[in-house]
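I have placed the structure first, in the form of structure tokens, so that the comments after it can refer back to it.
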Amino acid sequence: CLSSVCCLSLYCVTKFKKDERNSQGVDEPLSATGFKQADAAGLFLSNVKFTHVFSSDLLRAKQTAATIIGKNKFCKDLEIKYDARLRERKYGVAEGRPLTDLKAMAKAAGEQCPAFTPSGGETLDEVRERAKDFFEFLCQLAVEVEQKEREMHGAASRSSGTSEEQSVFPWTNHCSQPGLSSDNGGASKILDANILVVSHGAYMRNWIGYFVSDLKCTLPANLTKSQLSSVSPNTGVSHFIINLQNGSRLEPEIRCVCLNQDSHLVDVGAECVAQKVF
């Protein structure tokens, strides 16, 4: 069972960003720059044929997901499913307050961001548990999709797939349909599911950390440690290939194709880098 998960990270490009408040869990709409970045991401991903789209149920994520799908050549009518498990980390009493307040709270507690948890906020472990739960849900979804495809069409028609429209990932020469090139001499594999996930920066950093530390995700050879721990730009794109051997959700093989891809933002305003406290 081979699946693709394309993750989009959102930061606080809302009206709160302009007065440097911690808006991560505040349900605010995108700013004008945020909409421009969503448009750019939509054009960037317009040739990717997604089978499923999931988004945080916070407004800025909903707006971003709708913008991206609205520009897609293959799946303009695809239903976007909203999931509270994709929400940004909760910051409790620090929510909506200046970022300097959060830093001051951490200093007073003898801790540093992002490890510090304000009163009423989520710990990093709690955020990771949410991310883990959602990822296990995606794995189950992919297994069910594969089983349904086999029942309907059989393995032979899935392996050929020559009549399907092709959709191209913009950061590689690989095609998601009808096959994805593998590393074994040009052989081709079918993606059972090609999933777009629209979430938030602090959440995605925890999710990627879970991939790397717990699931031993394979990273691009040229990826540096600083790049792995760096803050994603708003609408930064990360792409992962998930292989569930024999339909097993217990030991997924994960390969990171790209992390925090941001070439689509070259001609967009610079209001995209979050404060590095998260």
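Yeah, the Cβs are placed from backbone N, Cα and C, and that goes for glycine too.
According to TrEMBL, the feature substrate binding site maps to ARG60, GLU88, ARG89, LYS90, TYR91. What TrEMBL records for 157-169 is compositional bias 'Polar residues'. Summarising the annotation, TrEMBL assigns region 'Disordered' to 150-169.
Sequence features annotated in TrEMBL and their locations in the structure.
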| residue | record | Cβ neighbours (10 Å) |
| --- | --- | --- |
| ARG60 | substrate binding site | 28 |
| GLU88 | substrate binding site | 27 |
| ARG89 | substrate binding site | 23 |
| LYS90 | substrate binding site | 18 |
| TYR91 | substrate binding site | 26 |
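Here the binding residues for substrate are ARG60, GLU88, ARG89, LYS90, TYR91. Their largest Cα to Cα distance works out to 17 Å.
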